[in-house]
Amino acid sequence: MGSSGMKLVVVGAAGRMGQALIRLIHQTPGVQLHAAVAREGSAFVGRDAGEIAGLGPIGIEITSDPLQAFLHAEGVIDFTSPATSITFAGLAAQARIVHVVGTTGCSPQDEEKFKAASRHARIVKSGNMSLGVNLLSVLTQQAAQALDAQNWDIEILEMHHKHKVDAPSGTALLLGEAAAAGRKVDLTAASVRVRDGHTGAREAGTIGFATLRGGSVIGEHSVIFAGEGERVELSHYAGDRSIFARGAITAAVWAFDKKPGFYSMLDVLGLSQAE
């Protein structure tokens, strides 16, 4: 890490999260923007990264060449798409640098590819990079463990903006995994994603998901534990994308001196022992 701070690459630089990352890196001591990458053919390629993020010129031109961007970098922050993130994971592994992945909608097969890349890269991957959500996941696991499945039903409700393309959200699935871990069950077997028509009575021990989409909602998540005559709700509301950008930058700096491996935000925040 140089005297000006950890050299970070932002991929997906033209998107909402990419622009938020550029702004926050510019404001955060201990890190610096090394390069910014947008997809080939993007109208933003060749433009100044600071200008598109509302900072004014900062002297870093957006490129569509990740190989060149990763050269001499120390970390990459990635909120793109599953296929694109897997490509970047391979490049990060070749470069032996940190790769922070906030991309959602990844399949189990995608996860295996990330883990393979982590043999050479320090990969931090999470469905949500915020401190609050990761604390919520720990509390969800503890509550699921304490409240027995026969008497307490778990439902996970999430809402996001109308442009989000995957459902349930990565955060909802993260919370579902936490609930399943507390109950010592497999989420794939226990989850109920769709209810329509005559569904019959709710099966004890299942973990339900409900998805809402609309407007400009950044992210709202609630885990509901419903018992006879009482209900416990654990909720998180995101008011600004900067919470995810801030968490991703924190993760990159944390991973700088770590061994190659596959890490989560619980590791970054020192909460993994609570799993």
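Cβ from N, Cα, C; glycine included.
According to Swiss-Prot, the active site, proton donor/acceptor annotation covers H160, on the basis of sequence analysis. In sequence order, S169, L212, R213, V217, I218, G219, E220 are the residues near H160 (active site, proton donor/acceptor), counting only same-chain partners six or more apart with C-beta under 8 A.
The active site, proton donor annotation in Swiss-Prot covers K164. Residue density at K164 (active site, proton donor): 17 other Cβ atoms are found within 10 A of its Cβ, drawing on all protein chains shown.
Under the heading NAD(+) binding site, Swiss-Prot lists G12, A13, A14, G15, R16, M17, G102, T103, T104, S126, G127, N128, M129. Neighbours of G127 (NAD(+) binding site), defined as other CB atoms within 10 A of its CB across all chains, total 25.
What Swiss-Prot records for R39 is NADP(+) binding site. Within the same chain, the residues at least 6 positions away from R39 (NADP(+) binding site) whose Cβ sits under 8 Å from its Cβ are G12, A14, S64, T84, listed in sequence order.
Every protein chain considered, the tally of other Cβ atoms within 10 Å of the Cβ of H161 ((S)-2,3,4,5-tetrahydrodipicolinate binding site) stands at 13. The (S)-2,3,4,5-tetrahydrodipicolinate binding site annotation in Swiss-Prot covers H161, G170, T171 and rests on sequence analysis.
By the criterion of other Cβ atoms within 10 Å of the residue's own Cβ, the least surrounded of the binding-site residues G12, G102, G170 is G170.
If you compare Cα positions, G170 ((S)-2,3,4,5-tetrahydrodipicolinate binding site) sits closest to G127 out of the recorded positions R16, G127, K164. Local packing around the Cβ, expressed as the count of other Cβ atoms within 10 angstroms, is greatest for T171 among the binding-site residues T104, T171. When the alpha carbons of K164 (active site, proton donor) and T104 (NAD(+) binding site) are compared, the span between them is 10 angstrom. In terms of local Cβ density within 10 Å, M129 ranks first among the binding-site residues A14, M129.
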